[in-house]
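Some features that TrEMBL has for this protein:
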type     : residues : note
SIGNAL   : 1-21     : signal peptide
ACT_SITE : His410   : active site
ACT_SITE : Asp462   : active site
ACT_SITE : Glu471   : active site
DOMAIN   : 530-610  : domain 'Carbohydrate binding'
Amino acid sequence: MEKFASVAALLLLLSFPVAFSGHDYGQALSKSLLFFEAQRSGVLPRNQRVTWRSHSGLTDGKSSGVNLVGGYYDAGDNVKFGLPMAFTVTMMAWSVIEYGNQLAANGELGHSIDAIKWGTDYFIKAHPEPNVLYGEVGDGNTDHYCWQRPEEMTTDRKAYRIDPSNPGSDLAGETAAAMAAASIVFRRSNPAYSRLLLTHAYQLFDFADKYRGKYDSSITVARKYYGSVSGYNDELLWAAAWLYQASNNQFYLDYLGRNGDSMGGTGWSMTEFGWDVKYAGVQTLVAKFLMQGKGGRHTAVFQKFQQKADFFMCSLLGKGSRNIQKTPGGLIFRQRWNNMQFVTSASFLTTVYSDYLTSSRSNLRCSAGNVAPSQLLSFAKSQVDYILGDNPRATSYMVGYGNNFPQRVHHRGSSIVSYKVDRSFVTCRGGYATWFSRKGSDPNLLTGAIVGGPDAYDNFADRRDNYEQTEPATYNNAPLLGVLARLSSGHSGYSQLLPGLSVPAPVVVRRPMPIRKPRVTSPVRASGPVAIVQKMTGSWVSKGRTYYRYSTTVINKSPRALKSLNLSIKNLYGPIWGLSRSGNSFGLPSWMHSLQSGKSLEFVYIHSTTPANVAVSSYTLA
């Protein structure tokens, strides 16, 4: 992708009471997940929903003797850049960890987990040895010379790696963070896979810490596009924080305590957070550990981490000693080149920090005075609403959302007729002449993509050659998953400092045993306009007993909204998430007042036998 980044100033605040209306955050969430399917490289699965895409990059890694098929294209080009891809996966995983229940309530938990696994499956391939990590396939220079569909690209697909002689602590550290965060996501549904991810995370962290160096000094072709301006200390701290959260291993908490000062975790006062600069993310996580009472002998150091997290949040709200620039319309503004990446990542941090503070019954401490946590959530909402169309241009910067969104996106795949429709070969330079230069709308809708966005004065030009504003990126979308899920849930309070849906206790498998899958009938039951579908999504063995994870989807097939839904669930012998409970009756989650027409609700439960008997007891139609 055509982009650069650096460390400097970032955001400000729109201060108004929290009100969750005006936009369909659930719809935006669903669309944003579709974008990741459009960015897939490799052999596409049968359940691929973005049907204009096809298989691509099928020989990636072959010339280096390694299988590197899969992963994500970062943006509007056909290169697989490891550093932003890993950050994308980390942020998707963090979204699921914090807001798994809300994703399930919107019927998108499964798609979110699939999106994460598409990335982690690739990272497993890219990490064939403890001290070897492939960090890029293709290169920006040759790729940008051509305008071709990924399905038939003729550009160089050379693979680039880091190793002890050519280190890359930032790349290995971020990938370790991604694997550790993802291991939490899969801990219940796929414990064997979770352990595999955690093993890779351990190895990658050791590699990053022992053989120190910037990855763009080893993979020099990445420097122009994803140069590591911040260095690697932030990624080492970031990886340690995620490994502690994933493993509860005191070593990683001690690492943060010992190195927080020397590596900048307690020194940098940040006003940005993104694929290059992780300090604000580290400071937010360590502040969470402190609020959880885990500081111990490192409490004094962790308090300095939290002070820097507070600084970041206050700067966004315009209540700090150094505040963030914003456009006249209220959007935070960091740089003209893909500014939206900083908007979504900052919005995520303010969202989780708001819930952390609320859970600990604390206020945000700014130089302008104490601030209620709800103001942070209001800030995140203001940024999301701007993205979705509440701005001076009345333009939605999410493709496919609303009535006025970018039609000429800087994206090779969406701008050229689908390979499935017309297999006439598009040459390297011919693609520029025929497709890039077209004035018409893209033939393929890149649903859910968050483009680079407007300039400092809210101006935006919907032109394909305007890559600063019309090119999307996976790391624009990834942080938004959690924010949209949270906003869709309304005013409900949270206990974000306690384990939630996606952060269960570790499952210990004593010995491998053959798993006999129970038979699942789908759909299970239908009652009038309500359909219920169950499926088993995972199984594991613990202490000699086989446990099953079931996902159940409730679908409103009526043309009217569904209210006061009551479900009867019999033969349930384990925990359940995603529904409210009153005695033996189950209803919509507390944050959902109704289930709109055509929408679905997902809940999950775990027990050690065949599916529970789920039926509709009663409902009303609005």
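Using N, Cα and C of the backbone, Cβ positions are placed for all residues, glycine too.
Distribution of TrEMBL features across the structure.
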residue : record      : Cβ within 10 Å
His410  : active site : 26
Asp462  : active site : 17
Glu471  : active site : 25
(request) Within the domain 'Carbohydrate binding' (530-610) only, compute the mean pLDDT. (result) 81
(request) Provide, as an integer number of angstrom, the distance between the C-alpha atoms of Asp462 (active site) and His410 (active site). (result) 9
(message) DSSP on the domain 'Carbohydrate binding' (530-610): how many residues come out helix, how many strand, how many coil?
(response) 0 helix, 51 strand, 30 coil
